[in-house]
Amino acid sequence: MMGEGASNGGMLYHEVQESKLCAVHCVNTVLQGPFFSEFDLAALASDLDRKERQVMLPALSSADFESHNVSLDGDFSIQVLQKALEVWDLQVIPLDSPVAEPAQIDPELENAFICHLQDHWFCIRKVNREWYNFDSLYAAPQHLSKFYLSAYLDSLKGFGWSIFLVRGNFPKEFPISSSEASNGFGQWLSPEDAERITKSCNSVQAPHQRVNERQQNYDQFLSHGETEMLLDMEDEDLRAAIAASLMDSSPVVTNAEASTPQNDNQSSKQVATTEATPLNDQHSKQVEPIEATPPLNAQSNKHLPATEAGSPLNDQNSKEVASTIGDNAQDDNQKK
């Protein structure tokens, strides 16, 4: 990986995220050394603010001017990063500008890129002819193959990242011995150490990712509600308890339980009513007389009892019967 004339003895300089100082980490990893502190960038931001205030808002006091170069939590603008790198004769160029067209076609020919999204900065840097991702959120620089570099930059652009090309004469050596403490969050790593740390972090991170995935699935499962959870339960004892509870809360079915089970509470009520209790009022009036003496209509009721008991018929019928008997008796006497 390292060859003859390798910068900084073939070591990689990396800074791990501290507060919101990712802009500081980005500048120092581009330069490959602890060249700037947060106070240095804050001074550059203050100088830019002063110049902007003089040009844009001469009538306003400094209290009314809001800085666009540094935020209260320590985030810096691209102008501050440009000013810091200009100190070392480096230019920051938007990757989508016409000047950077060769880098769009073949980024491998360049030496450094700065990536920005919202309030996070990091750099992709070629060190000793190998590409690394120096994102301060990583514990160590991550190696990027030459073939993957172009695809990675395209994916960042697709996700909305702003990418800047850095050109110029990069420092070859950090002026202070690399064994000295830098700014408290910088470290020098060999490529082998960086690879080992990256693999170690990945092996530790993977189980946590699986746990998080299981937790997400569990949360999603709970969101469907108690009904779906009961349907998917495998605990037969719990299902039996729930079924028993439902039966206790339903109406008592006597004759239905002795014969055949019904499908629902409505059917149970109908069966119990039919077998154990009389029907509704209208049906009761019709069914009860059938079991004792079949009722006729109102007119039939007037004639039927007299006929069954052998009592005389009504007046008109009685006269007709008597006349018929008398005529028959007279005919018999004449024959004699």
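Just so it is clear, glycine is given a Cβ too, placed from its N, Cα and C backbone atoms.
Any TrEMBL annotation is an automated prediction that lacks curation.
Database features (TrEMBL):
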type     : residues : note
ACT_SITE : Cys22    : active site
ACT_SITE : His120   : active site
ACT_SITE : Asp135   : active site
COMPBIAS : 253-281  : compositional bias 'Polar residues'
COMPBIAS : 313-327  : compositional bias 'Polar residues'
DOMAIN   : 9-181    : domain 'Josephin'
REGION   : 253-336  : region 'Disordered'
Remark   = For Asp135 (active site), the three-state DSSP class is coil
Key: Averaged pLDDT, computed only over the residues in the domain 'Josephin' (9-181)   = 89
Key: Residue pair Cys22 (active site), His120 (active site) - Cα distance, angstrom, rounded   = 6
Message = Measuring Cα to Cα, how far is Asp135 (active site) from His120 (active site) in Å?
response = 9
Inquiry  = Counting across all protein chains present, how many other Cβ atoms fall within 10 Å of the Cβ of Asp135 (active site)?
reply    = 21
Remark   = Cβ contacts within 10 Å for His120 (active site), all chains included, total 17
